[in-house]
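Following: one structure in structure tokens, then a few remarks.
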């Protein structure tokens, strides 16, 4: 049965308008973005099938074009619709953590980093640069690829900090495996960066490791003193 044949108010768009987006399931929200389904499969059924095929909404939205377009009835247009929705979400998070904002809310920082890094299929090592009042100067992706203690150079971190005139730094990187637990290599490079920054009187406030569902904070574990 097509969505247009559903009882009034039960279609995903109508439900959203009547009750708000928070009352929709993942499949219903995705159906609103997709707009239509296939012959014999309405938009909600198509959306549910897409989510099931990838094991969840996050995995679907972080999948490559070739992976998504392998699904029956899903072509470049629907892939573009999905990516537009993802990018809008990232830009909203970026606006929420804009230049000049004082970082007084750890949850805001976590939400921003989760949106920026959790769906990457490769490792990204980044810096959140802050001024003397812990206002945001810039978020900078410094390295990409396989990151270990040998591939991250503290002198490049120091160089960027000096260039941007930062007074404090939050280091962050993601684990494409989805598991946020820091490795021994993560702890070693954190210590090296902290020591390098200390030579220019800049504080390392935290190192946050981003997984699929959580972020581990070195500061909260007492690993940065």
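Using the three backbone atoms N, Cα and C, a Cβ is placed for every residue, glycine included.
According to Swiss-Prot, the domain 'MPN' annotation covers 102-224, on the basis of sequence analysis. Counting residue by residue with DSSP, the domain 'MPN' (102-224) contains 38 helix, 36 strand, 49 coil.
For the motif 'JAMM motif' (173-186), the list of distant contacts is 117-118, 120-126, 147-149, 207, 209-216, 218: same-chain residues at least six beyond its ends, Cβ to Cβ under 8 Å. Look at Swiss-Prot and you will find 173-186 tagged as motif 'JAMM motif', backed by sequence analysis.
Feature annotation from Swiss-Prot assigns Zn(2+) binding site to 173, 175, 186.
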Tell me the Cβ neighbour count for residue 186 (Zn(2+) binding site), meaning other Cβ atoms within 10 Å of its Cβ, over all protein chains shown.
22
Residues near residue 175 (Zn(2+) binding site) by Cβ (under 8 Å) yet at least 6 apart in sequence within the same chain, in sequence order, are 123, 181, 209, 210, 211
